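Novice: This is the structure, below, for whatever I ask next.
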Amino acid sequence: MKRSASDSPLLFDLPLAPDFSQEQQLMKRGLKHIAGIDEAGRGPLAGPVVAAAVVLDQNDLPEGLDDSKRLTAARREALYEIILTKAITVSVASLSARSIDASDIRKAALEAMRRAVIGLTLKPCHALVDGRDVPPGLSCPGSALVKGDQRSVSIAAASIVAKVTRDRMMIRAGAAHPPYGLEIHAGYATQKHRAAIESEGPVPGLHRYTFAPIKGRFDC
């Protein structure tokens with residue numbers, strides 16, 4: 001597994017908000033189009049893992065971009081629409097709960113990231129990836145940035161797109177499976193969700209059977 005050789009996990013100088021400095025450093029080397037990559041949905045008991053890749057226009061950066069976890073749902077929704085309008089290209093890919101169970105969540109998240117880059121309408125010169133790992137088989141050179149969604153606006157944009165996309169998917173799943181309250185917690189292990197799993201059982205294709213407390217207790 002490739003890891004960024006230059007990025008340190010010990011970050012004492014995180015900016016108050018992500019900026020374009022990481023991208024500018026790469027552009028000074030003649031790399032024109034820089035993609036930000038992030039994912040949403042590593043931890044839930046249900047639903048897919050969703051990854052997004054975003055190439056922003058350096059001359060028309062959306063204002064207010066930040067790590068999706070530091071934004072309200074309403075603000076994420078608003079920024080999502082702005083990103084889709086202003087970005088040069090945006091792509092989303094997801095892997096299902098069954099795919100996650102067939103490998104593991106880390107591999108599934110990295111594979112979703114790889115597929116998201118493939119879906120871009122232009123091939124980026126370089127990718128900035130949130131986390132510690134560059135996805136295997138990435139179609140362009142990449143760098144892993146620990147807490148990248150708080151450092152790079154491109155990664156922050158990808159985090160917003162991935163989060164909003166996944167939340168919308170879980171709202172639809174909630175409508176199809178009312179007892180679980182998926183539209184409220186997006187599949188995370190809330191008390192209500194765990195209680196529903198105990199009373200109703202997990203849903204094949206929706207729940208992750210390799211995740212506790214489901215693992216080993218229910219047949220898929």
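From the backbone N, Cα and C atoms, a Cβ is placed for every residue, glycine too.
The annotation divalent metal cation binding site is assigned in Swiss-Prot to ASP38, GLU39, ASP130. According to Swiss-Prot, the domain 'RNase H type-2' annotation covers 32-220.
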Novice: If you take the centroid of the Cβ atoms of ASP38, GLU39, ASP130, the listed divalent metal cation site, which other residues of that chain have their Cβ within 8 Å of it?
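Specialist: Going along the sequence, the neighbours appear as ILE37, ALA40, ALA51, ALA52, ALA109, MET113, VAL129, GLY131, GLY148, ASP149, ILE155, ALA158, SER159, ALA162.
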Novice: Counting Cβ atoms within 10 Å of each candidate's own Cβ, which of the binding-site residues ASP38, GLU39, ASP130 comes out highest?
Specialist: ASP38
